[in-house]
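Asker: The structure follows.
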Amino acid sequence: MXNFTPVNGSSANQSVRLVTAAHNHLETVEMVFIATVTGSLSLVTVVGNILVMLSIKVNRQLQTVNNYFLFSLGCADLIIGAFSMNLYTLYIIKGYWPLGAVVCDLWLALDYVVSNASVMNLLIISFDRYFCVTKPLTYPARRTTKMAGLMIAAAWVLSFVLWAPAILFWQFVVGKRTVPDNQCFIQFLSNPAVTFGTAIAAFYLPVVIMTVLYIHISLASRSRVHKHRPEGPKEKKAKTLAFLKSPLMKPSIKKPPPGGASREELRNGKLEEAPPPALPPPPRPVPDKDTSNESSSGSATQNTKERPPTELSTAEATTPALPAPTLQPRTLNPASKWSKIQIVTKQTGNECVTAIEIVPATPAGMRPAANVARKFASIARNQVRKKRQMAARERKVTRTIFAILLAFILTWTPYNVMVLVNTFCQSCIPERVWSIGYWLCYVNSTINPACYALCNATFKKTFRHLLLCQYRNIGTAR
């Protein structure tokens, strides 16, 4: 991916003169080496980005809004690998521009438009991810395929409007062409200050914005992953499995139910048989407050009554946290043919402790009750699995964005630092250093597909299936 041709403005003119002067010193072996290396990089870039685009096209698992932005970035990288790399290699090897003014202007326009579109795609990816993690309730509703297409189109159209007319028609605006026929640079970038201004707008400012956004993305993503992380063994052990603490609900006074009925409880997604509690009656029983909510296939509701776990002094207005009560089993009307799921909320101090009971009407009614309980257990397990999948997606997307931004910064920084230095010292940078720095910008287009594969296992598997012609396995790659 490149954003500047190394031959633009006064710094570009200096580079062109150095290229021309050094050409006579290039030996045949040196030119063959340059052609081999750059040709190989061009081939890898083209193949890699075609794989990216095909993977998103054929694998439905990869057809997400975020990957559509990567598809657009892959298009830009493909153009860089197919055209810009090879034309610049020709310029370096021959030491002059041999293709004339028209091809020169078309190359520069294509190079700048595609490079600017790449930067804007990176900004879109960063902003998209930032809004996803900071506005998870409102932004996803507007994050549609149509919206992604409009944003991608806007990035390309804006890049074209900013660069193509100025590069192609500036000579007609000023009335003459000042670029020699054997050289190729942008005419309106006539001094180092202007070149540095374009570097600020096209590189330094986007890098600052993307870095700040990524810091916020990383912090918000870690917070969400930690929030939805499944409980560990220690956390589960410290928590009473049959009870869930909830805000205090409106109490209602009940009486203790008769004992003797069997009971099942839903605990952490598993159906367990709870033994009948053995709780001796307290010396001075005081009515407890509890709330009972039931649901059953017969739409019946019955009250639940509890035996108080401890006695209260009438002189106390408030009481410290009481021990969690043991729920008493309850019986139903023998004539009822429906089993019920009972949710009992027990007040302990300023909290409520809630448990779920499955109460059979008759032994024959145990089966439907167990089926309902298993359904609830399945729902609980699905929720845990979804939380784990969401955490995995968060990490995967964040890693991919980090890799892309890191590759962009590492490969584009050397050239743009040289642009800054050249503003104050036009003879401080050797010609070969200019060429290497500019080629690093192109190498970014080679690295991006590797970033996708290393950070996303689905991309990696789809790449492998495409390369091995295992087309039947592509749809199952996850």
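All residue numbers here begin at 1 and follow the chain in the order shown.
Placed from the backbone N, Cα and C atoms, the Cβ positions cover glycine too.
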Asker: Test of record reading: of N13, N116, which one does Swiss-Prot tag as N-linked glycosylation site?
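Answerer: Looking at Swiss-Prot, the N-linked glycosylation site feature maps to N13.
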Asker: Per Swiss-Prot, does V29 fall on the same side of the membrane as R222?
Answerer: no
Asker: In Swiss-Prot, which of these is labelled N-linked glycosylation site: N8, N444?
Answerer: N8
Asker: Taking C104 as one end of a disulfide recorded in Swiss-Prot, give the other end from among C75, C132, C184.
Answerer: C184
Asker: Taking the Cβ of T458 (phosphothreonine) as the centre, how many other Cβ atoms fall within a 10 Å radius?
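Answerer: Step by step: centre on the Cβ of T458 (phosphothreonine), count other Cβ atoms within 10 Å, giving 17.
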Asker: Secondary structure at T458 (phosphothreonine) (DSSP, helix/strand/coil)?
Answerer: helix
Asker: Counting only CB pairs under 8 A, let me know which of 31-53, 106-127, 148-170, 193-215, 401-421 has the most with the transmembrane segment (436-455).
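Answerer: Most contacts with the transmembrane segment (436-455): 401-421.
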Asker: Ranking the disulfide-bonded residues C104, C184 by other Cβ atoms within 10 Å, which is at the bottom?
Answerer: C104
Asker: Would you say the transmembrane segment (31-53) and the transmembrane segment (148-170) are touching, if the rule is that at least three C-beta pairs must lie under 8 angstroms and be 6 or more residues apart?
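Answerer: In this chain the transmembrane segment (148-170) does not contact the transmembrane segment (31-53) - fewer than 3 Cβ pairs sit under 8 Å.
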Asker: How big is the Cα-to-Cα gap, in Å, between T462 (phosphothreonine) and C184 (disulfide bond)?
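Answerer: Between the alpha carbons of T462 (phosphothreonine) and C184 (disulfide bond) there are 41 Å.
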